Amino acid sequence: MHIVADENIPLLNEFFGEIGEITRVEGRSMSKSDLEGADILLVRSVTKVNRQLLEGTTVRFVGTATIGTDHIDTDYLQEAGIAFASAPGCNAQAVVDYVLSALSVVVDERGVQFSDLSVGIIGVGNVGSLLRARLESMRVTVLAVDPFRDPEEVGELVSLDEALTADVVTLHTPLTKDGEHPTWHLIDAERLAQMKTDACLINSGRGPVVDNQALLAHMRANRNFEAILDVWENEPEVDLDVMHRCLLATPHIAGYSLDGKMRGTEYVYQGLCEFYGLPIRRKLAQFLPEPGVKRVNFSDQVPLNQALRTAIRAAYEIRVDDGVMRTAMKRSDDLRATFDALRKNYPLRRDIPTLRVGVPAKCHDLQDVLAAAGFDVRIK
Ligand SMILES: NC(=O)C1=CN([C@@H]2O[C@H](COP(=O)(O)OP(=O)(O)OC[C@H]3O[C@@H](n4cnc5c(N)ncnc54)[C@H](O)[C@@H]3O)[C@@H](O)[C@H]2O)C=CC1
Ligand SMILES: O=C(O)C(=O)[C@H](O)COP(=O)(O)O
């Protein structure tokens, strides 16, 4: 079989080498001519997979190593009889770590504790529900919204109006343009005006869920309003005015832990094996390396909030990604290329549960809160 794959999918050889011959191509510029003789197409979020790309090709299976599927025309795939697999939940942990690191900056900057914050979570799927569980066990007040979910399954839900009254509002919906509750420009000028004038909006879902021009106008009019953006309208063309006004800005890397990216490959491999009736011979655990940072130890002198911030940032420090992006974009004469290069060359990062945290036996509260945040807590 002939497999055409985005060059930025990790472990291509390891997972798919036995199944077929692999041709690696640049994802954003992929075109029909790259698919000559291909049976299988493996993509990431930057390739638009639709009739224009696939009509007249021999592709019979499409896999995307991502959670989001807004770049895939699934109606066309169905019409054309092309099988499809995505990677639901593959990097949900990484996105949760991103939001926790972002919140650690917000609590520092405001001089408050995590438990002083209320957080509105919009979209309670894989990411939103894991985030909710983490935050509630960290004693943060959560106001969750999801018109498609049953509170019996995902816990208490409130209206969007109510969630927008939170100190922090974080977006975890897919990007949708139709249906009963489309999310395109869900956060527009009107919804921004409903939020507290000193609220913080976090978007690590998809860029166009927020009307970026409305956000810019809102930030100009409300100096205390804060935004933390990982995803942008018109990516990879970032509006620098929006970026400059953000409290934190990152280049669509919220899900970019090594664990999350490799898990995306594994899930697509599993979908492909199922479609072709092949045995599943490869497992992610065979390929994940030892974490670079293995352990952080606390004494009984450390205040709880400080331990939490320190542990979160030992696992993932969002301010480094923010600094690298601002510097690179400021110097850039090609914003699109710079944005993509930041993503392609993203440094190694591991999920929070890979980090062991040593806590004295008598510090029960600290043990509970760090375990709730997802750390591998060890009594020392
Ligand atoms: N920045 C990044 O690196 C990453 C971004 N993402 C984005 O995050 C999104 C969410 O990821 P998951 O939680 O895994 O997806 P999911 O599909 O498990 O959950 C999404 C939830 O949003 C809800 N929803 C849909 N429309 C809504 C609306 N109008 N209002 C409120 N809720 C609504 C759905 O009912 C669902 O429960 C993905 O679709 C993807 O676009 C995902 C991974 C990494
Ligand atoms: O999984 C998703 O959905 C994401 O947003 C991915 O983290 C995006 O990564 P790329 O596919 O754009 O490399």
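Keep in mind that glycine also has a Cβ here, set from the backbone N, Cα and C atoms.
What TrEMBL annotates here:
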- HIS252: active site, proton donor (ACT_SITE)
- SER45, THR66, TYR256: substrate binding site (BINDING)
- ASP146, THR173, ASP230, GLY255: NAD(+) binding site (BINDING)
- 110-254: domain 'D-isomer specific 2-hydroxyacid dehydrogenase NAD-binding' (DOMAIN)
- 287-360: domain 'Erythronate-4-phosphate dehydrogenase dimerisation' (DOMAIN)
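Within 10 Å of the Cα of ASP230 (NAD(+) binding site), the following recorded positions from the list SER45, HIS252, TYR256 place their own Cα: HIS252. Proximity to THR66 (substrate binding site), defined by a C-alpha to C-alpha distance within 10 angstroms, is shown by none of the recorded positions ASP146, THR173, HIS252. For HIS252 (active site, proton donor), the nearest neighbour among the listed binding-site residues (SER45, ASP146, THR173), judged by C-alpha distance, is SER45. Cα spacing between THR173 (NAD(+) binding site) and SER45 (substrate binding site): 15 Å, rounded to the nearest whole number. A gap of 12 Å separates the Cα atoms of GLY255 (NAD(+) binding site) and SER45 (substrate binding site).
Secondary structure at ASP230 (NAD(+) binding site), as computed by DSSP, is coil. Selection of the binding-site residues SER45, THR66, ASP230, GLY255 by a Cβ distance under 6 Å from ligand 2 yields, in sequence order, SER45, THR66, GLY255.
For SER45 (substrate binding site), other Cβ atoms within 10 Å of its Cβ number 22.
TYR256 (substrate binding site) sits 25 Å from ASP146 (NAD(+) binding site), taking the Cα positions as reference.
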